[in-house]
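Asker: Would you mind keeping the following structure in view while I ask a few things?
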Amino acid sequence: MTLRLSRRAYAEMYGPTTGDRIRLADTELLIEVERDHTLYGEEVKFGGGKVIRDGMGQSQLPAADVADTVITNAVILDHWGIVKADIAIKHGRIAAIGKAGNPDIQPGVTIAIGAATEIIAGEGLIVTAGGIDTHIHFISPQQIDEALASGVTTMIGGGTGPATGTNATTCTPGPWHMERMLQAADGWPINLGFLGKGNASRPQPLVEQIEAGAIGLKLHEDWGTTPAAIDNCLTVADDTDTQVAIHTDTLNEAGFVEATVAAFKGRTIHTYHTEGAGGGHAPDILKVCGEANVLPSSTNPTRPYTINTLDEHLDMLMVCHHLDPSIAEDLAFAESRIRRETIAAEDILHDLGALSMLSSDSQAMGRVGEVIIRTWQTAHKMKVQRGALAGDGARNDNFRAKRYVAKYTINPALTHGIAHEVGSIEPGKWADLVLWEPAFFGVKPAMIVKGGMIAVAQMGDPNASIPTPQPVHYREMFATRGGALARTSLTFVSQLALDAGIGARYGLAKRLVPVRGCRTVTKRDMIHNAWQPAIRVDPETYDVVADGALLTCEPAAVLPMAQRYFLF
């Protein structure tokens, strides 16, 4: 006997299916389910009177043959597609994406459920890969709480705490500081990787930082980003398969942008805040977006361009870079970095895929908990102002959604050599997953899974008789406690450091994972974000022209994902 359900009734019971559309938060962005891996009439769902019961949707198979956890009937949003599926987790990793159930009595089962299987109900939820923020100033450890609660599960950057150097630059300088920060990483339920200071003109001071555990090096103008330092740093990176991130020379003291590009010598490099408000050759650092070896990113305070963007930047910059507003030269330095024309063009360059990544610049001209919010606010603003992208039709914004989700998931992972572990929802990868109610997508996750275990969730009064009574807010879960913390999060290091045995020498508890492939990745590898336009910035007007087209847009006066969701 066949029971026919209306689309509405089906969605209410099992979540959206093929052809159903979902609005992301209160934006104008709509995604459409492209494929449903579950089978109509054979869906599994947990609860009283539901399917996942012994002898029904639950099999008699032993623990070795079933998933540890299954997220049922979820909509996956990732760079590779937008699909409905069950997600299996085994030993802390994504084991399969497909159809869960009891293979003894159900057809098409690719994920076996047994007595050893926990269930997370994904009906009506969107699941994304954990976010990756690659521009972290480790000024305060409390940033990690904010980042994790926003859906970021990996943080890469440098620093030692609220030292003056760290307030301005993302560097963990020298072996002693590197060892201490790696030891501190053991105490936090998030994946971490640290960048050493890359500003040196001879190899030894840089190599010893890589040997101490740095996953890459950071060149920052406040330490002197000269052509000699750039060349030396990239040479060391090539020798050690690590990445280099750069904050270029705003004052053009050691050369203009052309001199910096020449110092790259065609070698791969990650350019931070490539628009320039966060720092970099004034006014035309944006030119580097057209280079095949440059992996460009933005930081979030300029995302998206609004009526308030310019006003807040001056004071922000003075504090972060230890400048004095009473000194004319310091004020001129600050003002040279804040240009409405290049900030407006940055919106469009993101929408067209010329800027490949988005990160925070945490507490140093950036908000650590707003990477994901501001990514989707930019996508919304561009849809409203520019209409559908070429890859989208009238029904959905699937291509735009894939382009923007890639900016804070897979592309940062590829850039920093960690895509073999994190950055997407694919079998074999570490199970860092973020679950969202569509109405709160990008703003407030419902649950964050780290290494297959729930790390943070919205939870009600612990003294209540059920989990939901107020006050409901983010609380750390069992993955953040005791020995589970070290077994559900990763610390990324260089292969040199791993081979040198730093885990035992430093007494580290977390799993150490070496970065790899950092020197072979190019702009062409940036998924959905590989456009290499020829960019010209007018030195007088700051107008930005890409492949002959003037890039300009109006600032937004109102944004979604904002005051509707927050009291403060």
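For all residues, glycine too, the Cβ spot is worked out from N, Cα and C.
Keep in mind it's a predicted model, so treat the numbers as computed, not measured.
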Asker: Starting from the Ni(2+) 1 binding annotation in Swiss-Prot that includes His135, His137, Lys218, which of Asp361, Asp392, Asp397, Asp432 is the extra site residue?
Answerer: Asp361
Asker: Would you identify which residue of His247, His313 Swiss-Prot lists as part of the Ni(2+) 2 site it also attributes to Lys218, His273?
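Answerer: The record-listed residue among the candidates is His247.
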Asker: Please give me the binding-site residues out of His135, His137, Asp361 that lie within 10 Å of His247 (Ni(2+) 2 binding site), comparing Cα atoms only.
Answerer: none
Asker: Within the same chain, and leaving aside Lys218, His247, His273, name every residue whose CB is within 8 angstroms of the centroid of the CB atoms belonging to the recorded Ni(2+) 2 site, in sequence order.
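Answerer: Counting only non-site residues, the set is His135, Thr169, Thr170, Leu219, His220, Ala245, Ile246, Thr248, Thr271, Tyr272, Gly278, Gly279, Gly280.
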Asker: With an 8 Å cut-off on Cβ distance to the His135, His137, Lys218, Asp361 Cβ center, who else from the chain surrounds the Ni(2+) 1 site?
Answerer: Ile136, Gly157, Gly158, Thr169, Thr170, Ala245, His247, Tyr272, Thr299, Ser359, Ser360, Ser362, Ala364, Gly366
Asker: Find, among the binding-site residues listed as His135, His137, Lys218, His247, His273, the one whose Cβ has the highest number of other Cβ atoms within 10 Å in the structure shown.
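Answerer: Result of the Cβ crowding comparison: His135.
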Asker: Which whole-number value in Å describes the distance between the Cα atoms of Asp361 (Ni(2+) 1 binding site) and His273 (Ni(2+) 2 binding site)?
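Answerer: For Asp361 (Ni(2+) 1 binding site) versus His273 (Ni(2+) 2 binding site), the Cα atoms are 9 Å apart.
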Asker: Between 0 and 100, where does the mean pLDDT of the domain 'Urease' (130-568) sit?
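Answerer: Computed over the domain 'Urease' (130-568), the mean pLDDT is 96 on the 0 to 100 scale.
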Asker: Tell me, how many other CB atoms lie within 10 A of the CB of His220 (substrate binding site), whichever protein chain they belong to?
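Answerer: His220 (substrate binding site): 25 neighbouring Cβ atoms within 10 Å.
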